[in-house]
């Protein structure tokens, strides 16, 4: 039996613990109320999760802060901004969807649009909601098509449009006597090999032809899509079943992986990189000569680096047409309104502000992306060589990522499968096309039934 | 032995006016008995809310097909019976085989980390239990890893183990010249050992703290008597120190074991959302299935299996090793 002294003490401990627990929960309640009040006040405040588009979160806060200031002056509505880094954005959205507690307005990677649409957690842009943001006609059609599955009202609207391109260090090209950017995959490999060398004669290669982020799943999945299409493959069958192991996709993924493997034009240390935003640095530092990216201009600009140029991603076959001439996905960032928002009118007003011609021009100029609203898209301000080339790619050589609800899982699983092959190569293993097929097969088996 | 004369039982006498005060006393005893329960009720309620309810929800999710189609309205997600468990536990399937690999790996990870952290902890505790100059400095120094936020320190470790620019490879290749080329620490087989190193670094101060408290509670006279009898230092350690800190040890090992087994922060911060195959532990695997692949049902099933396994192990451990209630009063 515990002694009375013990019971007494126990009582005291329990009392203290309960008080502590109660005060903690009270604190939690306070903070909950504080953060929740933002969306509760009608016309007062809304919250906005922006993706990290600038060279840093701070830069985003500056750029968007100015835009929000203009909005607040116009409408009196306050906007609480949070810039969410890419590594966290998808999970943050997922948590918001499952808990029903999220921001009023948020940015999404446009390739997630159909997956997120299937959750039913976002406002469909049709009827009044679509009117409130200026109607469907104002958008560039290809960009608007990324807003959700075909035949359904989009649950996201295009905010910034982008396309992949081959970015390269012009100085390194000049030094190697390379006159123009490669147009076919064979030319690309030859160029990359020429640029892979030992510059200080210490017996070690210190400059590589190409750079990639081996552990960044989204970039790997995009490469699988583009190079797979060029090889005549598609990631899904026409009726929406995952099909990662067709010959076209396997060849495309194998081409991507062998850049580090057989051809050796990518440094093995790239297998460790899980953040795509470090790639511009690789080019600026002279570690590599080329890389694929969507809009690295702002990073170059922020560093005052000008020795770069862009060309379309090389084609497997120079005479390719149709699917095989794919050089990019219709990439971009979309904006959505959360269905559970307490202040949808204010949220829609803010989306309308972001999609106004003036804001589209300002924001896209700062982020070195392209506007998704036709009037701004056609503006001569977006007429540099790079922007013209991107516009042409988007018009003629880009396709949207598969518009099926399991696209999100596909990006994760295919991206991970590729990341694992890079890790194996870095460890000194040789990866064959059969290994690639096996890895893609495993990824496909883990796909949920749609 | 002296005997205490007890008052005759109350019922043997008729109720007298002075018994009224006894009645009041009795009712206050009754109130006293309920008082602790009343005080603990809010805590019990919160415990239910914070731990038990989410746990039950987790069990329920394991029986649902919970993907992006049903996540927004997950109360209505379709019931799929044991399907998620079949997927999760099929050793020939891609998820099942990963699960069993991860289970074995997590077990090995736990044994290694707990064993090394405990050994370092006991060594430092015994050393610092005796008084010498600079004792306080070392105590503080040893507690630093425990005081720093694990987020910051793990990211610092990740920087140090970076293949191209990390301090570790710079030291091995450029300063010492032992290796020609820096190995990959955060990919492949090495990643497992890096994870062990970081976990030991993070957990050993806790073992040290608990053991130091236990070692200090052993009276000095016991050691003095032992050394008079000619017991060596090792003999003193095995025959006095270890038996006398047994209770602290048992609790410490259980806590450390469970923490390390469920470890998530370290692999997530070292490797990002997807751990290398060779270093995938159970918790990150569950996370991967749930959040990267949006397969919350399978994630839930894996969690339930893990919960049952840990409950069984803990129950056996508590029955076999934990001191019985009686000995607490000893």
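Glycine too: its Cβ is placed from the backbone N, Cα and C atoms.
Given the structure is predicted, the values throughout are model-derived calculations rather than measurements.
Quick look at what TrEMBL lists:
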DOMAIN    B:103-317  domain 'ABC transmembrane type-1'
TRANSMEM  B:34-63  transmembrane segment
TRANSMEM  B:107-129  transmembrane segment
TRANSMEM  B:141-160  transmembrane segment
TRANSMEM  B:192-215  transmembrane segment
TRANSMEM  B:250-274  transmembrane segment
TRANSMEM  B:294-318  transmembrane segment
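Tallying C-beta pairs under 8 angstroms between the transmembrane segment (B:250-274) and each of B:34-63, B:141-160, B:294-318 places B:141-160 first. Among the stretches B:34-63, B:107-129, B:141-160, B:192-215, the one making the largest number of Cβ pairs under 8 Å with the transmembrane segment (B:294-318) is B:34-63. Looking at B:34-63, B:141-160, B:192-215, the range that has the most CB pairs within less than 8 A of the transmembrane segment (B:107-129) turns out to be B:192-215.
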